[in-house]
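Scroll down for the structure; my scribbles are underneath it.
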Amino acid sequence: MTAGPMGNKSTSDIDSVLVYKSLSRYLKFSENEEGWWHKTAPLLNKILAAAKYDVHLQYRYLVFYYAACVSALGPYPQRFSSSITRSGLPVEFSVNYQNNSKPIVRIGYEPISHLSGTERDPYNHKTASEIVATLSKIQPDFDPRLFNYFVHQLSVNKAESDVLNGANVEGSEMKSQTAFGFDLVNGEISVKGYAFPAMKCQVSQQSLSQLLKAAINGLKGEFDCAFGLVDEYMERCGGYNQFSFVSWDCVVPAKSRFKVYGVHNDVTWKKIEDIWTLGGQATSGNVTKGLELLKELWTLIDLDEGERGYTGRFDDANDNGSNIQSPMVWNYELRPNNPWPLAKFYFPVHGENDMKIVKGLARFFENRGWTELARSYVQTVSSFFPDRDLNQTQRLVSWISFAYTEKTGVYLSVYYHSSADYLWISESGEKRGQGDGA
């Protein structure tokens, strides 16, 4: 494999926002939708073009983004801060790279309305149910059963919301309950659901382990997985806390994966190794090889090691950078009738120098034999943010996730700050900017 997942043309060879410009002439927007579209759609178009999605797929996915997401990002400028990003932005674009496979572009977002965070909808429930109805109409393979079930089990209802009286997740600024993820694959769209159970734990006085056990047990016979193994380890290692969350595929329950996410401030290799191996319980060749490659990536991106000061507050330019530190995140992916979970790590690169991170990734790609991707990657990421200097910024690359199996090899995703709005003052003395959208 020499060309690598990105193909052989650089993004400078084409007009990477051509589809965005064309659609902008004909789509109709409210004032809020217009703001979100022009601040986010150009970047999505650039990412799709860089990942070699042909022009027809670019049109398809940008129209989907307009129809399913832009109308549900809430007021612009935003008022409700979403838990899905460190800045509180309710949308996040990422790209997944695998051996011998085209890159896959993904969209994560939390549906928001003008009521989100107000007394009428303090925990942002109403918009999610509307999006479920929309997806049921426009996505033939979308199955809402697990979304509806887990939201009922793991998020607060109206009575519980009233009891909480607008309180945040313990010690934080967070209130989010649900979110969605979209994988843009081969002309289709795979949908994932997310739930953030902290408020449910808070009001019910149940532990997260208790809530998850009850939810999983309620699906026995149609959604069987090795939850007990993960639950025991998460309890023992302190993996559960108020920032933990879960996700699942919005497909027939018997075919869905279930992921349990942990969040921790101990960003050290010793902790990573313990989590990756379930405290030494997982020792297969697959686990050992994955850990070896994970250590290589850890070394190349040169992540600052140590105890982080993350408390659940947003890094949104209202704090003079005091909340820039991000925690380590990981998940255990549970598949039906599979006795062992698959670990995935999310390195917290928000707050690290962007050029250092991008160059480290390029070296990792080079070591995998993804030559063209490695050669063009710094230029490609720079083209995503033409108004920014990656040598000076610290928040344009947000997360790097990594998993490994013998079947698929390296499974790596890069998550980006996904708006032309730049909230922060950089070390170069830039003023808080609004970007030009394209």
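Just so it is clear, glycine is given a Cβ too, placed from its N, Cα and C backbone atoms.
The model shown is predicted, which means the values in this text are computed figures rather than measured ones.
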Candidate from R60, R79, R106 that Swiss-Prot assigns to the same dimethylallyl diphosphate site as K192, Y194, K259, Y261, Y346, Y411: R106
Between Y261 (dimethylallyl diphosphate binding site) and E92 (substrate binding site), the C-alpha gap once rounded to whole angstrom: 18
Inter-residue C-alpha distance, K259 (dimethylallyl diphosphate binding site) and E92 (substrate binding site) (nearest angstrom): 19
Nearest recorded site to E92 (substrate binding site) by CA-CA distance, among binding-site residues R106, K192, Y346, Y411: R106
